[in-house]
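Pulled from TrEMBL, these are the features on record:
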- 1-45: region 'Disordered' (REGION)
- 27-43: compositional bias 'Basic residues' (COMPBIAS)
- 50-211: domain 'Nudix hydrolase' (DOMAIN)
- 220-242: region 'Disordered' (REGION)
- 228-242: compositional bias 'Polar residues' (COMPBIAS)
Amino acid sequence: MNHESHRALSHPTLYRSPATPQISSNKLKKMATTKGKKPKSASRHITSENFVESCGAILFNLTDPQNLSVCLIRTKVHKEWLLAKGRRNYGESRNEAAIREVTEETGFRCSLFPVTMQTRATPPDAAALIADKARVFENLTEPFTCEIREYKNPKRTKIIWWYIAALDPSNEELEKLPGEADYEPHFLPVAEAITTLTYQADRKLVERAAQLVSETLNPLDRKELTNDDASNESTEKNQQNGGKIYSLCTL
């Protein structure tokens, strides 16, 4: 095999099998629009140029577990009280993006805080045909909520993955990193943080996150749920809330 042939085979964009006829994009589009079997549930595809992923976290100071406080950021220009989040870079994991954005916007070092919660994510040792239902697991650093926002101008979808994070123990004096110039970070007691946040959806996020952290730190206060209970509760919520746009979807 000569050098050019070897180069073509090793590079997928250069190699073209002589047995594979090329199909025009118009013909492919026509083939894709032919009627196939309909899915059992409503679905839609959003191609990469039409959606963006953001990741954020509710940052807690757990120095005193009996008096939890949450970090909010106040924007200097619009005077809004928000939660730290930002867009995920390509090639970056969601976990990494959440921690990076929180650190950049608040100026505080932090890490994901493992909680006990319900999730439909499957355990690594699960059977291949495990049922799709909510189960309770401990020590999870998965997103506790997925938020979906639909924008009109320009038309696009934003998917936000929300995590729970804790202040790095090494920050005993709450030493700040440079952070971002327009953001002023403030740690507030949970109840005050909820009423201070500008947007209602963010208030719901902090309420849910605080509940998970409190129940994880104080297991005796947690409502005991079997995996069957978790599945039934999740099903009831889904039936009541019915897939609304702009919704917060607890995983």
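Quick reminder: no glycine exception, Cβ is built from N, Cα and C everywhere.
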TODO: Would you mind splitting the compositional bias 'Basic residues' (27-43) into helix, strand and coil residue counts from DSSP?
DONE: 6 helix, 0 strand, 11 coil
TODO: Find the average pLDDT over the domain 'Nudix hydrolase' (50-211) in the predicted model and report it.
DONE: 94
